[in-house]
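Participant: There's a structure below that I have some questions on.
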Amino acid sequence: MIIEFTENKFKELIKNKKLFVIDYFATWCGPCKMFGPIYEEASKLEKYTKKNFTFVKLDVDQNTNFAADQGVTSVPTVIIYKDGKEFKRWSGAINLNSLKSNLNEALN
């Protein structure tokens, strides 16, 4: 399941040291449109739902200040947060196997 971004939700996830990932996207972005269904598919995989991995989507055009504060300069950018801090980030659309590989690193 994917939740829509709010700053309050972000603060709650950081405070509670939750494992979560944010897809920073834009509605006009071609690579974002390609990556969206891949991100959606990963969010439904039992391996991640059982581990309470939270998947978040953030529209950079609606949250420009927050995205800038996080150092996001291109879309799509994906950031995994673990133990209250950034764990890993990358920019650009990737395939499902690459996404799972990155998510699995955070589970270890």
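Heads up, the Cβ atoms here are built off N, Cα and C, so glycines get one too.
Unlike curated records, TrEMBL annotations are generated automatically.
Summarising the annotation, TrEMBL assigns active site, nucleophile to Cys29, Cys32. The disulfide bond feature in TrEMBL is assigned to Cys29-Cys32. Taken from TrEMBL, the feature domain 'Thioredoxin' applies to 1-108. According to TrEMBL, the feature site 'Deprotonates C-terminal active site Cys' maps to Asp23. Summarising the annotation, TrEMBL assigns site 'Contributes to redox potential value' to Gly30, Pro31.
Could you place the listed features in the three-dimensional structure?
Facilitator: Listed in sequence order, Val75, Pro76 are the same-chain residues six or more apart from Cys29 (active site, nucleophile) with CB atoms under 8 A from its CB.
Cys32 (active site, nucleophile) falls within a helical segment according to DSSP.
Residues near Asp23 (site 'Deprotonates C-terminal active site Cys') in space but far in sequence (CB under 8 A, at least 6 apart, same chain), listed by position: Phe35, Gly36, Tyr39, Phe55, Val56, Lys57, Leu58, Pro76, Val78. Under the three-state DSSP scheme, Asp23 (site 'Deprotonates C-terminal active site Cys') falls in the strand class.
Around the Cβ of Gly30 (site 'Contributes to redox potential value'), the number of neighbouring Cβ atoms within 10 Å comes to 9.
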Participant: Is it possible to list how many residues within the domain 'Thioredoxin' (1-108) are helical, extended or coil according to DSSP?
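Facilitator: The domain 'Thioredoxin' (1-108) comes out at 45 helix, 28 strand, 35 coil.
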Participant: Count the Cβ atoms, other than its own, that fall within 10 Å of the Cβ of Pro31 (site 'Contributes to redox potential value'), considering every protein chain shown.
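Facilitator: Result for Pro31 (site 'Contributes to redox potential value'): 16 other Cβ atoms within 10 Å.
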Participant: Please work out the number of neighbouring Cβ atoms within 10 Å of the Cβ of Cys32 (active site, nucleophile), leaving out its own Cβ.
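Facilitator: Around the Cβ of Cys32 (active site, nucleophile), 21 other Cβ atoms lie within 10 Å.
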